[in-house]
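What TrEMBL records for this protein:
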| type | residues | note |
| --- | --- | --- |
| TRANSMEM | A:20-43 | transmembrane segment |
| TRANSMEM | A:55-83 | transmembrane segment |
| TRANSMEM | A:95-112 | transmembrane segment |
| TRANSMEM | A:118-137 | transmembrane segment |
| TRANSMEM | A:174-193 | transmembrane segment |
| TRANSMEM | A:213-233 | transmembrane segment |
| TRANSMEM | A:240-261 | transmembrane segment |
| TRANSMEM | A:287-311 | transmembrane segment |
| TRANSMEM | A:323-355 | transmembrane segment |
Amino acid sequence: MTAVSSALHYLTGQLRQIGLFIALIVIIIFFQITTNGITLAPINVSNLIVQNSYILILAVGMVMVIIAGHIDLSVGSVVAFVGAMSGVMITQWHMPWWLAIVACLVLGAVVGMWQGFWIAYFGIPSFIVTLAGMLTFRGLTQIALQNQQISPFPDEFRALGSGFLPDLGGGTSLLEPLTVILGVLATAGMILSDMKQRASRKKHGLEDEPLPWFVLKMVFTAGLILLITFLLASYRGTPIVLIVMGVLMVGYSAVMANSVWGRHIYAIGGNMHAAELSGVNTKRVSFTLFINMGVLSALAGLVFTAQLNLANPKAGDGFELDAIAAVFIGGAAVTGGIGTVVGAIIGGLIIGILNNGMSIMGVGTEYQQLIKGLVLLAAVAFDVFNKRRAKAATK
Amino acid sequence: MRAITKTFPGVKALQEVSLEVERGQVHAICGENGAGKSTLMKVLSGVYAAGSYDGEIHFEDKLCEFKDIKSSEAAGIVIIHQELALSPFLSIAENIFLGNELSTRGFVDWNKTNLEASKLLARVGLNDHPTTRVADLGVGKQQLVEIAKALSKQVKLLILDEPTAALNDGDSANLLKLIKHLQGQGITAIMISHKLNEIKAVADKVTIIRDGRTIETLDMHADEITEERIIKGMVGRELNNRYPEHTPRLGAELLRVEDWSVYHPVDQTRQVVKNVSFNVHAGEIVGIAGLMGAGRTELAMSVFGHAYGTRISGRVYKEGVEIQTNTVSAAIKHGIAYATEDRKHYGLNLLDNIMRNVSGAALSKLSRWGWVDSNKERLVADGYRKSMNIKAPNVASITGKLSGGNQQKVVLSKWMFANPDVLILDEPTRGIDVGAKYEIYTIINELADEGKGIVVISSELPELLGICDRIYTLAEGQITANVPREEATAEHLMQFMTQAKDQDAR
């Protein structure tokens, strides 16, 4: 194979990833033009991140559940339930805000244990258990709130949803300094870790990624991070929730790629029987996976409640569908075994930007739903088409 | 059927096979596993459409070109597969007329359906009411429902693929009687079977198939046909130099299994493994020979962490000490490994790459505090890729895209990396070409030389004779013989494999 054809071969293998990035860019450019530049205005970018944060947090947990071959339909109701309980804890039980946050995360873990028990140890399909959860936790939300709304919340608690890191420039500088520092650090860290990984693969002769492609990818990603940094720094700085999301994305990507637990999740989704016969405790993996999902749902519930400054019995309605759509747009397989955390986040961003852009354009909600539905279908159809083509090629 | 040749990618499954079945006879077909019997029957019944094979099929003096099962059924040929194709939650009558509903203007006429069904049930000697759910019937009765279904299609030629493989003795005898009875009503039958006593009991003629060719057709009435005569036809293959030389260096006893009994996970009255005892020494390669359905895989998987079956009883000793192997991870911890016969369903994560499959059973060796050292992992996997000669550009290649032989090497690598003391290999060379087989035999020998105990399960007798130091034969869940290599011949083993020990021997 010549260098060119081997590079092409490599790129066709990465078609899904490339397609996802290109789709994201095309959508951004499209809305940038149709909204006369509002899409990439600093204030809108900041809003985009803040307003989609809870869906992205849910998508991180959901992609892991889906990789393992399960599904979780209850996350929207769990978001509402945890939000409601945070309100009850703070305003009725007068708990300090930080204790309420900890207690809510523990509550999420308990919810996960409850659902995980029935799924992993009792053997009821996750679809049924979490469908039941969707109803029971919605009911518990209404009971906890007695069908009333709770508001307001203390400022410290609200910062989790809509706060920003302190402005080091005192609000007078053109670019907020702390954001610039963080952005540059993140870019440098990304470049260094990628180069280190490439070097180690190269050392063992295991590298097949063409160098120009590697450089292109790195320049692109670095450019993207710096662009976001610039935009955020010229508005109010770094949203606190962005830090939370950044930690989740990097942390869970590493967990899925390099932890024993993450490997076991891919293994049971890829081939349950083979995993069992390799000594993987499949029940425990499923159980812990739902605990994890419960904690992330609780976190999303806290962020959402903090953002709205309101605990509402109707909160989180339909969030599970947005999270699931994000995961599948991000390239996860319906049958399990395939998917990435980064893919799910990009999938979530695509949905978020579609929502945001169409709202700015003044497209009615009925058309927004229609378009989102078609995008989801197109993304999965592209996957299936790709897979069929790959199969035909190996024959 | 004349000169049927059927090729699959890379394999010639059937080569110029001819078969002639006379009206009103029961014709048996026998041969080793993988000889091509089932493929031949699938050609005859239209599962493989006309045009996908070479040769001609004549039925009642007419050339037939079946496009699918429907067209062969229209001609009166019905095949009953080994795995029954009934819908468990529908009633007997609904199953019989499934796809063929008795209806008027699109609505099912239930009275007529149940009436016709009960007439058919009477013909096959089944007393249950036609509205009984199939799931509530035993396997033996389900088999009768299948036959009733065939009768409803005006069957002239009935093909039965190992009809008694899943049945107990009483049900088997019943079924054979029914076949004879149907013969009296003018229905011709082709029966694939491993059980020579059954063939002797019902067949008028027997055709032997070996390696995708017809070897001979024997008339069961004309000459004095003994079981030995049939066995000779089934195994009579030249053994040439397809196995690497190996001199065993035996050590102490590594693993001993005593009085091992296992029941079928669904049909809990059926005992699949019956009081089996066996052992393996360090450095020894022990074979377990048995035909399909003898309980080989069931035995191995139940010993390996109770991965199969219910009501398991018996004892396992490792180096003389009794151990518990209730879970797969416990079995692995005690140094037992099992490489499955069914790589695709039980062995590999085909969606993932070589590296992660190789490390899958022993991630603890590569990790600290739950984090995998991926550089080390890559090195380990790449080491196996080179030493095992796995043909793939690198360890990031997806295992689903590898050939069978290379997939098998990945499975072996996985268990070699887990470094067990006892390695149970279930059909290690199934679906693998000759060259790769030789490589795998060499690896097995090397593992034995390292002092591991190897148990090889195989239905290919030449393979067992070529590599094993000692061979157990398994028939209907029981060990029927324990033969050292020097005394083993294919005929000898086949005799033990086809003979069932008396049930009340103990």
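Every residue, even glycine, has its Cβ placed from backbone N, Cα and C.
TrEMBL: automatically predicted annotations, no manual curation.
The transmembrane segment (A:55-83) shares more Cβ pairs under 8 Å with A:118-137 than with any other stretch in the list A:20-43, A:95-112, A:118-137, A:213-233. Cβ atoms under 8 Å from those of the transmembrane segment (A:287-311) belong to residues 50-51, 53-55, 57-58, 60-62, 64-65, 68, 70, 72, 74-75, 78-84, 86-88, 101, 104-105, 107-113, 115-117, 119-121, 126, 145, 149-153, 157-162, 241, 244, 248, 261, 265, 319 of the same chain, restricted to positions at least 6 beyond its ends.
Between the transmembrane segment (A:20-43) and the transmembrane segment (A:118-137) there are fewer than 3 Cβ pairs closer than 8 Å, counting only pairs 6 or more residues apart in sequence, which means the two stretches are not in contact. Panel annotation: around the transmembrane segment (A:95-112), residues 74, 78, 81-82, 85-86, 89, 133, 137, 153-154, 156-157, 160, 290-299, 301-302 of the same chain, lying at least six beyond its termini, place a Cβ under 8 Å from a Cβ of the stretch.
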